[in-house]
Each structure stands twice: as structure tokens, then as C-alpha cells.
Amino acid sequence: MAYEKELAAAKKAVIIASRFCQKVQKVLLQSDVQSKSDKSPVTVADYGSQALVSYVLEKELPSESFSLVAEEDSGDLRNDSSQEVLQRIRELMNDTLKSDGESKVLSAEDVLTAIDSGKSEGGPLGRHWVLDPIDGTKGFVRGDQYAIALALLDEGKVVLGVLGCPNLPLASIANTDQSSSENQVGCLFYATIGSGTYMQSLDGSSHKKVHVSAIENPAEASFFESFEAAHTTFSLSGSIATKLGVKAPPVRIDSQAKYGALSRGDGAIYLRFPHKGYREKIWDHAAGCIVVTEAGAVVTDAAGKPLDFSKGKFLDLDTGIIVTNQKLMPLLLKAVQDSLREASSPQASPSM
């Protein structure tokens with residue numbers, strides 16, 4: 001299999017980071033720190049996840065020049081006021097690594113250095129890892145869905161993706177009649193180019209190949225969209241669903257867990273239409289995109305063009321992102337373009 005050693009390293013990094021995030025979320029949910037004024041638990045999780053992924057990748061792939069495009073840098077953590085948070089990150093990281101058999105104890109400077117490995121700009125040349133250490137921070141704080149999303153770019157193309165979804169059930173979220181034996185949560189989705197998409201539990205069991213829904217009739221399809229209103233225009237999604245004849249209400253969940261759920265057929269369509277002025281980052285979609293396309297989906301912008309991850313940290317798109325299987329895509333694309341035209345027509349605007 002192509003990228004075999006890179007995939008093994010990426011899976012290990014994401015599993016360890018997922019365990020770390022689970023520890024932090026458990027502490028978060030057991031306390032009263034969910035007040036919006038205290039952001040330290042999600043800060044600990046965000047920085048710690050990035051540091052762990054960076055540390056594990058560099059350790060597992062020592063012979064390769066290392067480039068990581070990621071969300072965080074250590075600037076804020078180097079302030080005197082952040083020393084307590086930094087120590088919490090370091091202690092939890094060391095605890096997580098120790099339980100994985102790591103003998104080295106990381107210093108505060110080791111943690112900061114690992115975080116700062118994520119300063120690459122990416123681009124069309126060479127290899128670049130792309131990481132969102134916690135995709136869906138608001139879902140993380142609520143105790144809902146979030147993902148650790150890691151991808152590899154090779155000459156501007158996504159060739160590998162791993163999604164750790166610690167709160168996603170192994171059974172389909174479309175199945176409301178789950179027996180207790182199917183209630184296990186914690187999924188890892190992974191794909192390499194040309195090799196399909198696989199899902200396993202975060203503890204390493206129940207490895208299986210997954211495929212997107214084969215539904216051809218849009219009336220039978222359900223669709224995913226973002227939980228956060230800032231990340232999608234619900235009225236536009238509603239118009240598209242109406243044009244397609246979709247009867248089921250939208251399933252709103254946080255993070256790239258949507259891509260994972262879609263890749264195994266929990267739903268058939270994913271719509272994302274951020275509000276005007278929002279620029280998509282490559283780490284918000286790179287891992288999810290290859291996971292769902294290798295499972296048989298098509299991912300495009302609203303003009304029907306594939307996503308281009310080769311231009312640095314941002315995706316320059318026509319309006320939004322749409323995902324579905326190959327049979328439904330022509331119908332979905334037409335409904336999207338018709339709805340966008342209607343939304344932008346003068347009649348659609350309220351008179352002054």
C-alpha cells in the first residue's frame with residue numbers, strides 16, 4: 001500500500017491525541033468550567049493535541065523532512081500568565097505518552113517546540129502534514145462531536161487522511177434503535193489515495209472497509225450540515241433540500257465527524273455554506289475530504305469544481321462545499337445552483 005509507514009504514524013498520532021482529548025473533555029464535563037469565561041480546558045486540549053500529533057509524527061518518521069500546517073502556535077503559551085495552562089498541558093501529555101509506553105518525559109520547552117512545528121504554509125511542492133488538533137471546539141465544550149483531523153499533502157494533493165472521532169458511535173447515527181452492544185463510541189476513519197476508506201474503533205478493534213450511501217432517490221436521502229450557524233446558511237440548505245425533495249430533517253453535528261459519518265453511509269449529503277466573508281482553511285476539510293472520496297463520494301464547491309488544497313492555508317472556493325455520492329451529485333449541483341441564483345436575485349432581497 002502506498003504511504004504505508006506514513007499512515008501507520010498518522011493513525012498512532014491521532015489515536016494518542018484522541019486519548020488525550022478524551023481525558024481533557026472528561027475533566028471539563030465533570031466541572032463547572034464550561035462557563036464561557038474559562039477557556040482553559042479547550043485551550044489545553046487544542047495545544048496538547050497539536051503538540052502530541054507533531055511529536056509522534058516526528059518520532060515515527062525521523063528520516064523525513066517535517067512540515068506541518070496547523071492552527072496553533074506557542075506565542076500565547078510563552079506568556080507568564082499562561083504558565084499554569086502550559087504545565088497542565090505538559091502533565092497530561094506526559095501521562096498520555098506514558099500510558100502508550102513512552103519513557104521520555106517532555107519538558108515545557110519540548111511541548112512549545114512541538115506546537116511550533118505547525119508553522120508551515122503548505123503549498124504545491126513537497127510534502128506537508130495538515131492538522132486540525134480539535135475540529136469542532138464548541139462541540140468539544142458541549143460534550144458533543146469533535147474530531148482530530150490529520151492529512152498529508154504530496155505535491156499539492158491530499159494523499160492520506162485520518163479522522164479521530166472520540167464521541168462518534170461505532171453504529172450508524174441514523175439508527176435510533178441501537179442495542180447496548182452497539183453503543184460503543186470512538187471511531188477512527190482513515191484513507192490513502194486509491195486504497196479506499198476504513199473505520200475502526202479507537203481501541204483498535206472492528207476494522208472494516210466503509211462506503212458511502214448508494215441512495216439514488218433524493219427523497220430517501222438525509223443530509224448533514226454544521227451545528228454552528230456561523231458555518232452554514234440554514235435557509236439556503238433548506239431551499240436546496242426542498243428542491244431535491246428531501247423529506248428527512250437535517251442532521252446537525254459539529255466537526256469533520258460529518259465526513260466520517262457520511263463515508264459509512266449514515267447520511268447521503270453534506271452541505272456547507274458559510275456566511276459571506278468566511279474563508280475556509282485547508283485543515284477544516286483535507287482529512288475529511290479524502291476519507292469521504294475514497295469511500296465513493298464526490299466533493300466539490302458550489303460551481304462543481306474539486307477542492308484545491310495546494311494554495312497554502314486557505315481554500316479559495318466558489319461559495320460553499322457539497323458532498324454526496326456520484327449518482328446524486330448532478331441533481332444536488334443543479335439544486336444548489338438554482339437556490340444560489342434565487343437567493344442572489346433582486347426579488348430575494350427585502351425592499352428598503
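Placement of Cβ uses the backbone N, Cα and C atoms for every residue, glycine included.
Look at TrEMBL and you will find Glu71, Asp132, Ile134, Asp135, Asp284 tagged as Mg(2+) binding site.
Each of the binding-site residues Glu71, Asp132, Asp135 was assessed for Cβ neighbours inside 10 Å, and the highest tally belongs to Asp132. Long-range Cβ neighbours of Ile134 (Mg(2+) binding site) (same chain, at least 6 residues apart, Cβ-Cβ under 8 Å): Cys21, Val42, Ala45, Asp46, Ser49, Phe140, Tyr146, Ala147, Ile148. A Cβ within 8 Å of the Cβ centre of Glu71, Asp132, Ile134, Asp135, Asp284, the residues given for Mg(2+), is found for these other residues of the same chain: Leu131, Pro133, Gly136, Thr137, Ala147, Ala149, Ser255, Gln256, Lys281, Trp283.
For Asp284 (Mg(2+) binding site), the number of other Cβ atoms no farther than 10 Å from its own Cβ, over all displayed protein chains, is 21.
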